[in-house]
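Right, one structure below, let's go through it.
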Amino acid sequence: MPTLFISDLHLEIEKPDLTRFFFNFLDKVAPNAEALYILGDFFEVWVGDDEQSPLQVEVAQRLHKLAEAGTHIHLMHGNRDFLIGETYAKQCGATLLAEPHALDLYGVPSLLMHGDSLCTLDAAYQKARATFRNPAFQSQFLSRPLDQRQLTARQMRQISMAKNQGKAEVIMDVAPDEVINTFNTYGIELLIHGHTHRPDTHRYNLPQGEVKRIVLGDWGEETWYGRADADGFQLLNLKAEDIA
């Protein structure tokens, strides 16, 4: 049975077609998998496990159903949903992974990340990321009333979008030196991440041999997801209409 990797769904109530695409994926692709890894930005925004919107509840129910059928589900934080907690992970029947997460993938030393920590050329973003990932900041934010958290999240998203419009594309992509450093630090042959919305397979010739970096796609009318088994890793294109 294969292992599947997806990221950057950015689920939100305003995009029902996207939710339907994901549910069709769960019904028609994921049941054949040993495990499903969701590598961040699963939701467009997350302000706490206590929000329990109809979308969040239905997504949890669908994932839990898949987990009960035998597929192991793993969640990793992204830059939009880093406040997902153990409560919601349990509701989904999923395991919440720390980032980065190392694993032996059918004999291949591998590392899973969301990918934003690789974008070190964007110094302003990395500074903000350090603040948002600080446990003290998160605890203080989560202690506020839900409506205040929702308002703050909307305001911060507007600010982020405005800032990103003025950034060069190269700044928002991964830094090559950071990628090489990650391979060397963890001694891996395969790096899998999302975040950049630039699905591709990148190969590097390092002293230890050829290594690969797989970038997963975001979701819209189509996506690019990862499929691994004993025969290797594939980055596969999937159109929503193909599983409607």
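Including glycine, each Cβ sits where the backbone N, Cα and C put it.
Small disclaimer: the values here were computed from a predicted structure and weren't measured.
Annotated features, as they stand in Swiss-Prot:
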type    : residues                               : note
BINDING : D8, H10, D41, H197                     : Mn(2+) 1 binding site
BINDING : D41, N79, H114, H195                   : Mn(2+) 2 binding site
BINDING : N79, R80, D122, S160, N164, K167, H195 : substrate binding site
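In space, R80 is the closest of the binding-site residues R80, D122, H195 to D41 (Mn(2+) 1 binding site), judged by Cα positions. When the Cα atoms are compared, S160 (substrate binding site) and N79 (Mn(2+) 2 binding site) turn out to be 11 Å apart. Here the Cβ of D122 (substrate binding site) has 20 other Cβ atoms within 10 Å, regardless of which shown protein chain they belong to.
Taking the Cα atom of each, R80 (substrate binding site) and H197 (Mn(2+) 1 binding site) are about 14 angstrom apart. Put simply, D8 (Mn(2+) 1 binding site) is 9 Å from H114 (Mn(2+) 2 binding site) when counted between their Cα atoms. Across the structure, D8 (Mn(2+) 1 binding site) and H195 (Mn(2+) 2 binding site) place their CA atoms 6 angstrom apart. Cβ neighbour count for D41 (Mn(2+) 1 binding site) (all protein chains, 10 Å cutoff from its Cβ): 28. In this view, the densest Cβ surroundings among the binding-site residues H10, H195, H197 belong to H195, judged by other Cβ atoms lying within 10 Å. For N79 (Mn(2+) 2 binding site), the nearest neighbour among the binding-site residues H10, D122, N164, H197, judged by Cα separation, is H10. Residues near N164 (substrate binding site) in space but far in sequence (CB under 8 A, at least 6 apart, same chain), listed by position: M172. Taking the C-alpha positions, the distance from H10 (Mn(2+) 1 binding site) to H195 (Mn(2+) 2 binding site) comes to 11 Å.
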